[in-house]
Amino acid sequence: MANSSPVYDWFQERLEIQDIADDIGTKYVPPHVNIFYCLGGITLVCFLIQFATGFAMTFYYKPTVAEAYTSVQYLMTDVSFGWLIRSVHRWSASMMVLMLILHVFRVYLTGGFKRPRELTWVTGVTMAVITVSFGVTGYSLPWDQVGYWAVKIVSGVPAAIPVVGDFMVELLRGGESVGQATLTRFYSLHTFVMPWLLAVFMLMHFLMIRKQGISGPL
């Protein structure tokens, strides 16, 4: 590049950043692509909003059965723009699920799951399961009446599974009944385990799309 800066030259010599930029900037976009092919990208934007607003709320949320509800109340009433942060988190969560469902329908109806993109489809379905699990775990965190009974019902569902059902229920709840251990587990899953899992599968998903390209029309 003509008249490049010393900083640019330093990075170019070591990382060949111009080649990366050229590859990204010259990627061919098929002519059949329309607005419905943006649904996956919108889902990603919603996830980034979720990450940012969720991270902000961790500064005030207290994951204990005695203080969870009051900490959410404090966030909503006393923290500057706390009500807005939590509201955006809730709205974006609903939007993320909606965009994900529409994205799955678009991929299925256009045959994007067929060979050679089977693994891309598998990673996408895995991310859909994780996203729904986000909703289940996050619903319980305020630890109000709705959240408490929701987690009690959801954590009791595996009891119907033969042999390992009772073990899975106790693993989810952290004991025989719903309590502090349950809230701690759901908080850990919601704020640490699931975000990392989703990020890993997103990376795999995007790399496969990058390698194989966008599927063609039916």
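Quick reminder: no glycine exception, Cβ is built from N, Cα and C everywhere.
Taken from Swiss-Prot, the feature heme c binding site covers C38. According to its DSSP assignment, C38 (heme c binding site) is helical. When Cβ atoms from all protein chains are considered, those within 10 Å of C38 (heme c binding site) total 14, not counting its own.
According to Swiss-Prot, the feature heme b 2 binding site maps to H89, H190, an assignment based on sequence analysis. H89 (heme b 2 binding site) falls within a helix when secondary structure is assigned with DSSP. Within its own chain, H89 (heme b 2 binding site) has I49, Q50, T53, G54, M57 as residues 6 or more apart in sequence whose C-beta sits under 8 angstroms from its own.
Following the DSSP three-state reduction, the secondary structure of H205 (heme b 1 binding site) is helix. Its own atom aside, the Cβ of H205 (heme b 1 binding site) has 21 Cβ atoms within 10 angstroms in the protein chains shown. Residues annotated as heme b 1 binding site in Swiss-Prot: H103, H205.
Annotated transmembrane segment per Swiss-Prot: 35-55 (among others), in sequence order, evidence recorded as sequence analysis.
The transmembrane segment annotation in Swiss-Prot covers 93-113 (among others).
Residues or ranges marked as transmembrane segment by Swiss-Prot: 119-139 (among others). If you look at the transmembrane segment (119-139), the same-chain residues 6 or more away from its ends with a CB under 8 A from one of its CBs are 50, 93, 96-97, 100, 103-104, 107, 112-113, 146-147, 150-151, 154, 186-187, 189-190, 194, 197-198, 201-202, 204-205, 208-209, 212.
What Swiss-Prot lists as transmembrane segment is 189-209 (among others). Long-range neighbours of the transmembrane segment (189-209) within the same chain, counting only residues 6 or more positions beyond its ends whose Cβ lies under 8 Å from a Cβ of the stretch, are 44, 47, 51, 54, 58, 117, 119-120, 123-124, 126-127, 130-131, 133-134, 137-138, 141.
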Please give me the CB contact count at 10 A for H190 (heme b 2 binding site), counting all chains in the structure.
21
So for H103 (heme b 1 binding site), how many other CB atoms are inside 10 Å of its CB?
23
Starting from C38 (heme c binding site), work out which of the binding-site residues listed here (H103, H190, H205) have their Cα within 10 Å, and give them in sequence order.
H103
